[in-house]
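Database features (Swiss-Prot):
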BINDING   His173, His175, Asp186  Zn(2+) binding site
DOMAIN    102-225  domain 'MPN'
MOTIF     173-186  motif 'JAMM motif'
Amino acid sequence: MMVAHTAQQLDLREKLLTNGVHSLSDIELLAVFISSGNNKKSCLQLAYELTKHLGNLRNILNADLQSFKSIHGLGEVRYAQLQAAKEICHRSDFIDLQKEIQLSNTQQTYAFLKKRLRDYKNETFAALFLDSQHRIIAYEELFSGTINTATVYPRPIVERVLQLNAAALILAHNHPSGLSDASQQDFAITERIRDALDLVDARLLDHIVIGDNEVYSIFAENKWVCN
């Protein structure tokens, strides 16, 4: 049985190397990642069971350890590798964003923030810190809360602005509900942070709310915030 499983693995790798990674199905990609099966299941069978259990690649990437381990033959090592691969992709996206001499590509910024934040199960508050030319200094996730709220304090944000010598920043947070509409609390904290940044001559450029499929720009939709 193991000989047959090994042949399957080699066939998949050969297909990838010959025809390119885009020629593989989602299950085949997972099988290449899983790499090896066990005495009872091939890597392809494990990939099929994982997909059947969790539904799609996005769900698999965002699954918790217990859900991942519920497939017999998959454990902590593969889960850790999967999370590492996911983070590598995130950091690669950030490198692409940093290549912008100035942060003028709004859609690219939205796409980056959406990819980083939308799959978190708890509300997470983040910031892009920028220099005076609106070049990116850092991306940091600053506060994390429950499924429907995160307590946000302006003071640590201002302190981080001073530490990084940032001249401007873009705030973002996710709504685990999937809805991107801003709440009254979102408007209130935006104004508090904007006022706090004014005291240190830093500018708040926007506050983005991340839903499942959409983003909401508080500044674009509510010009009063910019005044």
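Cβ atoms are placed via backbone N, Cα and C, with glycine included.
DSSP labels the residues of the motif 'JAMM motif' (173-186) in these numbers: 3 helix, 2 strand, 9 coil.
Within 10 Å of its Cβ, the residue among the binding-site residues His173, His175 with the fewest other Cβ atoms is His175. Its Cβ placed at the centre, Asp186 (Zn(2+) binding site) has 18 other Cβ atoms within 10 Å. Secondary structure of the domain 'MPN' (102-225), assigned with DSSP and counted as helix (H, G, I), strand (E, B) and coil, comes to 45 helix, 34 strand, 45 coil. Apart from His173, His175, Asp186, the residues listed for Zn(2+), the same chain places the Cβ atoms of Glu123, Phe125, Asn174, Ala182, Ser183, Val209, Ile210 within 8 Å of the centroid of those Cβ atoms.
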